[in-house]
Amino acid sequence: MSVGLPGPHSLPSSEEASNSGNASSMPAVFHPENYSCLQGSATEMLCTEAASPRPSSEDLPLQGSPDSSTSPKQKLSSPEADKGPEEEENKVLARKQKMRTVFSQAQLCALKDRFQKQKYLSLQQMQELSSILNLSYKQVKTWFQNQRMKCKRWQKNQWLKTSNGLIQKGSAPVEYPSIHCSYPQGYLVNASGSLSMWGSQTWTNPTWSSQTWTNPTWNNQTWTNPTWSSQAWTAQSWNGQPWNAAPLHNFGEDFLQPYIQLQQNSSASDLEVNLEATRESHAHFSTPQALELFLNYSVTPPGEI
């Protein structure tokens, strides 16, 4: 048997095989023969890298989501989009062609009659009416709702017409009593709101000017005293107080004028009797007791005596 010499690619010997168990702990030792193989493989790798240069990062394509602004949008095809706008038009026409309930003349008369009596019906009343007219509850309810809307619209139009007519005619504004001043004409109001003094204007109230303030209890009484009729009221001092007889004198003349005319028609004997009575009354009233009685009588109203 011929034993081959160990070459560069020969198998390891038995000693090397026995020591192979400790290869993990000991570093591998390469012989000079192995360096030639390693150098050859390294030169081949360098040549391949030089022949085909590695592309840079700029040359590599970006692996990510495409930009929405640059990349074209992909249209998703769906069966609904393929059908086109024709089917949408058909849907619109189907909505417009909604079934309308056709009422008979008898049903319309019954519904209108009930609407005039009662505009709002309860659930039970609608069910009873629908059973009588052979209609559904929804049909009766819808008819009443539409009728109420028509009635409200008609009332609104009528109100607008009447208001426009009044504006065009230019009707006079309504005068309210609270707008006018409740004070009389002579009572002027200053800018500050205070009431001024009475002016030169007179009180012109038609309700007062036509009325005469007459007291029936006083009209029936005649205040004529024959003892005072011919008495002359002269200025004299009673108890040291001066008495201004000018207004009383004028008042006495006006008051005694009809009585004096009556005396002129009387006889001379009657005149002498009256003069005598006047002297006696003058002498009687010249006393202080009579004067005090006269003053108390003049102050006290006739009804309280």
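Cβ coordinates come from backbone N, Cα and C, glycine included.
According to Swiss-Prot, the region 'Disordered' annotation covers 1-30 (among others).
Taken from Swiss-Prot, the feature region 'Disordered' applies to 46-95 (among others).
Among residues of the same chain six or more beyond the region 'Required for DNA-binding' (123-152), those with a C-beta under 8 A of the stretch's C-beta atoms are 101, 103, 107, 110-112, 114-115. Residues annotated as region 'Required for DNA-binding' in Swiss-Prot: 123-152.
Per Swiss-Prot, the feature region '10 X repeats starting with a Trp in each unit' maps to 198-247.
The annotation region 'Sufficient for transactivation activity' is assigned in Swiss-Prot to 198-247.
Taken from Swiss-Prot, the feature region 'Sufficient for strong transactivation activity' applies to 248-305.
The feature repeat '3' is assigned by Swiss-Prot to 208-212. When pLDDT values are averaged over the repeat '3' (208-212), the model yields 48.
Among the features that Swiss-Prot reports, repeat '5' is placed at 218-222.
According to Swiss-Prot, the feature repeat '6' maps to 223-227.
Under the heading repeat '7', Swiss-Prot lists 228-232.
The repeat '8' annotation in Swiss-Prot covers 233-237.
The repeat '10' annotation in Swiss-Prot covers 243-247.
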